[in-house]
Amino acid sequence: MGLLERLRKEWFILGIVLVIAVARLEPTVGVKGGPLKPEITITYIAVSAIFFNSGLSLKTEELTSALMHVKLHLFVQIFTLVFFPTAIWLFLQLLSITPINEWLLKGLQTVGCMPPPVSSAVILTKAVGGNEAAAIFNSAFGSFLGIVITPLLLLLFLGSSSSVPFTSIFSQLFMTVVVPLVIGQIVRRYIKDWLERKKPPFGAISSCVLLMIIYTTFCDTFANPNIDLDKFSLIIIVFIIFSVQMSFMFLTFLFSTRSNSSFTPADTVAIIFCSTHKSLTLGIPMLKIVFAGYEHLSLISVPLLIYHPAQILLGSLLVPTIKSWMVSRQKALKLTRQPKAPVKV
C-alpha cells in the first residue's frame with residue numbers, strides 16, 4: 001500500500017470511528033466498568049502495547065545517522081514545544097472573550113503542549129521525498145521530551161487542575177511509555193533478523209490499538225449526559241484547528257527557507273511536518289493521566305481528537321504541492337552550484 005493511500009485509509013477509518021461513536025453509542029462502552037474495561041485495557045495494556053510495538057519496529061541506526069543535524073533538531077523542538085504552546089496561549093487570550101466553550105479552548109491549549117507524532121510526520125516527509133532520517137529522529141526524540149515537558153506545559157498553562165500527584169504522572173508515563181519502548185528495543189536486538197525477514201505489520205497493529213483508544217475516548221466524550229458541547233463552538237474549533245495548522249506550516253516554511261538558514265529543501269520538508277504535527281498516540285493517554293477523574297476531560301480531549309485526522313488530511317493534500325516546490329528548488333540550487341564554463345577568447 002502506498003504512503004498516501006495509507007494516510008487516506010487512516011483518515012477514512014477515523015471518520016468511521018467518529019460516526020459509530022456518536023451515532024451508535026452504547027452507554028457502557030468507553031466508561032469505567034464497561035465491557036471494554038478501558039480503565040485497564042486502555043490506560044495500561046493498549047498504551048503499553050503501542051510503545052512496545054514502536055520499540056520493536058524503530059530502527060535505531062536510522063536515528064543515529066541524523067543525530068548530528070543539531071540546528072534542525074533545535075529548530076523543530078523549540079518550535080513545537082516552546083513557540084507553539086506560547087502562541088496558542090496568546091491566541092486564546094483573545095478567544096476567551098468569545099462565547100466559545102471554555103473547555104474546548106483549554107483543549108486547544110493541550111494540543112499546543114503535545115509533542116510531535118511518531119507516524120504521520122515521518123510518513124508525509126517520506127511521501128514528499130524530504131529528510132526522512134531527520135523526521136524520524138525528531139519525532140522519536142520529541143516524544144521522549146514530551147514525556148517530561150508536556151506535563152509541565154499542561155500544568156503551566158492550565159494550572160494544577162489534575163487530581164493526580166505530580167510524581168504519579170511521571171511514574172505512570174514511565175511505566176506505560178518508556179519501559180515498553182526500551183523492552184521493545186531490547187527484544188528487537190535478539191529477533192532483528194526475523195523481523196526484517198517476516199516484516200510484521202507494525203503499522204496496522206499500532207493503528208488498531210490507537211483506534212481502540214480513539215473510540216473509547218469518543219465514547220467518554222459523547223456518552224456523558226452532562227456534556228455541554230454546542231454545535232457553534234465545535235464548528236469554530238474545527239475552523240481554528242485548520243487555520244492554526246496552515247498558519248504554522250507557512251511560518252515554518254518561511255523560517256526554514258531564509259537565505260541564512262542553511263537548511264536544504266529536504267530539511268524544510270521535515271521541519272514543516274515535524275514542527276506542526278501533534279501526537280495523538282502519546283497525547284490521549286497523557287491527558288487521561290494528567291486529568292484523571294476531571295469532570296471536563298471529555299471536552300478537553302475533543303480538539304486533539306480533531307487535530308490528528310486534520311493534520312493527516314491537510315498534509316496528504318499538500319504533498320504534491322510541497323514535492324513540486326522541493327524538486328524545483330533542488331534543481332535551482334544544483335544549477336547555481338555548477339561551475340561556469342570558461343569563456344574562450
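In case you wondered, yes, glycine gets a Cβ from its N, Cα and C as well.
Quick look at what TrEMBL lists:
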type	residues	note
TRANSMEM	41-58	transmembrane segment
TRANSMEM	70-91	transmembrane segment
TRANSMEM	103-124	transmembrane segment
TRANSMEM	136-157	transmembrane segment
TRANSMEM	169-190	transmembrane segment
TRANSMEM	202-223	transmembrane segment
TRANSMEM	235-256	transmembrane segment
TRANSMEM	268-291	transmembrane segment
TRANSMEM	297-319	transmembrane segment
Close approaches to the transmembrane segment (70-91) from elsewhere in its chain (Cβ under 8 angstroms; 6 or more beyond its ends): 108-109, 111-113, 115-116, 131, 134, 137-138, 141-142, 145-146, 149-150, 153, 157, 244, 248, 252, 255-256, 262-263, 267, 270-271, 274-276, 278
Long-range environment of the transmembrane segment (235-256) - Cβ separation under 8 angstroms, sequence gap at least 6: 75, 79, 84, 87-88, 91, 95, 100, 104, 107-108, 111, 263, 267-268, 271-272, 275-276, 302-303, 306-307, 310-311, 314, 318
Cβ pairs under 8 Å between the transmembrane segment (297-319) and the transmembrane segment (136-157), at least three: no
Cβ contacts under 8 Å made by the transmembrane segment (103-124) with residues that lie 6+ beyond its boundaries: 3, 6-7, 54, 76, 80-81, 84-89, 92, 95-96, 132, 135-136, 138-140, 142-143, 145-146, 149-150, 153-154, 157-158, 203, 206, 229, 233-234, 237, 240-241, 270, 273-275, 277-283, 286-287, 296, 299-304, 307-308, 311-312, 315-316, 319
